[in-house]
Amino acid sequence: MEYMAGPAAPTQGNILCCQCGMPVPPNPANMCVGCLRAQVDITEGIPKQSTLHFCKQCERYLQPPGTWIQCTLESRELLALCLKKIKASLSKVRLIDAGFIWTEPHSKRLKLKLTVQKEVINGAVLQQVFVVEYIVQSQMCEDCHRIEAKDFWKAVVQVRQKTLHKKTFYYLEQLILKHRLHQNTLRIKEIHDGLDFYYSSKQQAQKMVDFLQCTVPSRSKSSQRLISHDIHSNVYNYKSTFSVEIVPICKDSVVCLSPKLAQSLGNMSQICVCIRVTSTIHLIDPSTLQIAEIDGNTYWRHPFNSLFQPKQLEEFIIMDINRVQEKKKGAGAGARSNKHTLAEAWVRKTSELNTDHQYFCCTHLGHILNPGDLVLGFDLANCNLNDEFANKMNPHNIPDVVLIKKSYDRTKRQRRRNWKLKELERDREGVNTDDERQYQDFLEDLEEDEAIRKNVNIYRNADVPVESDTDEDGPPRISLAEMLEDLHIFEDATGGEGANMMTE
């Protein structure tokens, strides 16, 4: 039986291009792609070159008419900004794809590769790829203009502390750097008893005041002065001033509490040592290890002052020391410190080694002191206490000596210090020459107190070699695990991430 093959499936024939005569598949235009592109340019009217305005100071791009936005190179935000520049011209075509073409970061050029489609002759759809080049021009934004002017400000925050030592200010400076609250300031001015922060708006200044009240015990008040008034539009122009006063108590200060406050804190002794100042004042009773925290509101209701200035610290040598078992708590006594050890010590001034005069005292430093160690403290037995509450105390309840901290060789300590801190850029006027010594005291406090270090960014100092810490009896040191690498990012003229694209 023979099978007959069916009719073959019809195949589509080709037609000749009406322009060049080449055989092409049938299409509504009756032309090949080359001739169709030669006859019709769907990108006509779309600019192939445009301009972007970039502020070098704040690294933001201008989004017309007056908005400045933060964009990194080849980001979606920057792509949207570039497309908005030619949005009106793209309304006649359909955008299929858009992407960046790599350019040298320092060339101040951005290239955008666009793919568009458009219906042309007799319903034929033509797709075309082209490149739009953007020239990045430098233009300073209004906010940076105000910063450069330095005198143009709408609000100022005046931070003051009525004390000779600046430990609290050094700690506050590190907190501001860590939380980057200094970025919106127009100017930072340092004076003898505080800092002034200038801002372009009242809201930014209020944010700084709220931060200060959360980080250090303080109180604030505000005022404003009328600069100008437009009677037609009823617009007022004010300059606002915020005054923030920090409690005049620093770390290592010896204070005398009022009897009422001492009783409310668990019947602790009136003579206490300030071991730390964070959002509260941390006090310890050196005779019982009882601790207490006083916030800003409590302090201003029951104020007290420091009995001594840091310059009055004297050096003692430990003649004998005995650790004391924990004393029985009295009625209503508060919590006691677990990080300190109570001890009874006989000490002698290093300036009186040629005499037999010794002093007896109780100390909270029993965990780090041994016979022969040098320790810094205040001599209460041979001084005149000019304090309202101390003058009313029973003399038998006032200790002869209050020990503050163990003394180490400062020169050796500085040489072994392999870390550093960042500082605020500020205008210094009338700075005390004693600032360097006070700053070294603050750095030593960071090494000795882990609780304060947690709130501070500490950076590795590559200029100092790393030494193996084999001296167990030496001064406390900061471990490498607590340090950050000090990164130096070289930013290009068109965005922060352009440095990653630099070639060596």
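Positions of Cβ are set from backbone N, Cα and C atoms, glycine also.
The domain 'Nmd3 N-terminal' annotation in TrEMBL covers 17-246.
Residue counts for the domain '60S ribosomal export protein NMD3 SH3' (249-295) under DSSP, helix first, then strand, then coil, are 6 helix, 19 strand, 22 coil. What TrEMBL lists as domain '60S ribosomal export protein NMD3 SH3' is 249-295.
TrEMBL lists 313-406 with the feature domain '60S ribosomal export protein NMD3 OB-fold'. Secondary structure of the domain '60S ribosomal export protein NMD3 OB-fold' (313-406) per DSSP, as helix, strand and coil residue counts: 9 helix, 37 strand, 48 coil.
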For the domain '60S ribosomal export protein NMD3 SH3' (249-295), provide the mean pLDDT of the predicted model.
90
